[in-house]
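Colleague: Just passing along the structure, written as structure tokens.
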Amino acid sequence: MPLLREITTLLAKDFRLEWRQRAALGGLLLYVGSTVFVSFLSFSLRGGTPPPPAWNALLWVILLFAAINAVAKGFMQESAGQRLYYYTLVRPQAVILAKMLYNTLLLTAVALLGLFLYTVFLGNPIQSPGLFVANLLLGAVGFATTLTLVSGIAAKAGGNGATLMAVLGFPIMVPMLLLLIKVSKNALDGLDWSVSQSSVLTLVALNMIVGATSYLLFPFLWRG
Amino acid sequence: MTVAGVWGGQFLIEQRTSGVVWKSLTVLLLLGASAVGILIAVPRLPIVNESIRNLFFHVPMWFSMIMVLLVSVWYSIRYLRNPSERLDVLAHESAKTGIVLGLLGLATGSLWARFTWGAWWTPDPRLNGAAVAMLIYGAYLVLRGSFRDEQQRARVSAIYNIFAFAAAIPLLFVLPRLSGPSLHPGQTGNPGFNQYDLDNTMRQVFYPAVIGWILFAFWLTQVSSRFAFLKLKHDEN
């Protein structure tokens, strides 16, 4: 079976599984919704919307934790038997690429929905929406590619997977987060594109490095 | 130079003989650079003043940390290609040496920052990068601790070691250059001590200090991995 077909088959399987276990997806959306609502309630104590720097920081914190929760269940909900079964059918490269693609789509949806809810409740101080949304999508891709391999690693360790994932994932994601928050701030302030250009290019390069390393390393992770 | 360092490091760490020559050289270089570094006349620069002597301690610590972490990643790559308990121990012990040197570098840097910039910690990208590197290797140790099966631990932690290094470490060198002005020297161009290297006598102490600290890192790794091998042997019997 060619690699592309393996990937589409696995992707379809992931979507079907997600649809059958709607509770997990609903839980994720509710998580984002309630976090945004709690922030809204806290800021409404001091009259309305937070100042732009706080708005920016809070959005990324919410997205980061939503991403950890969303990706964590990926590899962990599969049993060892299931993994062995896939192992006999497909290449490990197909598994990691399908998983990264699936997580990217999931996180893109979560990020856009999160942004929508967030602007509804906490106001919209964004001055260059195009750059802001592009940066948000880059962030979703980056979170998905980084966290997919980390969730595979945490699943191997067993036990408290989500905590281990946070411990392993956060330090790796700090450089990416710094860049994202910086570009996001530039977009909030409506600065010219040329100011953010080098950071955006670095983000793209970083996503490619992480994707390529995951692709190379995953077969070793899977073998055991 | 980096490649030569990694190969040389592996050779020295795995060396089976006592290695009297390079170890006495290490002692000589470290003691010499420390003594001369404290005694020589240094350029009188505003703000930095006498604390410029920290250059002979702080910077070599970072260089040797990067070097020994590179050695650790290289052992992890070798482990994945050809698994053996030995390579796992070597990767683990090199990473631990890197953590020790990183903490020393943070401590000396923090002290230096207090005297020149007025604060123990500033939101400088380089400082944050150093903190991130320490967090990553802390996570590496936590990951190692959460396995019961030894082979699985070795394989998965090797994967994390490579992944973390590839994803985060290059950025510690790229990010500071993207983020505009900083108090930390070596902001543009080659990271280092551009604004100090007017003085050639300082270089004559600085380079031996760097070599001394790097050799010291390999020595430390050699001793701790020999100890780990002995423990393994003891546990088998």
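For all residues, glycine too, the Cβ spot is worked out from N, Cα and C.
Here TrEMBL flags B:20-43, B:55-77, B:98-115, B:127-146, B:158-175, B:205-223 as transmembrane segment. Per TrEMBL, domain 'Cytochrome c assembly protein' is recorded for B:50-167.
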Colleague: If you run through the domain 'Cytochrome c assembly protein' (B:50-167) with DSSP, how many residues end up as helix, strand and coil?
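Modeller: Tallied per class, the domain 'Cytochrome c assembly protein' (B:50-167) gives 103 helix, 0 strand, 15 coil.
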Colleague: If I count Cβ-Cβ pairs under 8 A between the transmembrane segment (B:98-115) and each of B:20-43, B:55-77, B:158-175, which range comes out on top?
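Modeller: Most contacts with the transmembrane segment (B:98-115): B:55-77.
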Colleague: For the domain 'Cytochrome c assembly protein' (B:50-167), what's the mean pLDDT in this predicted model?
Modeller: 88
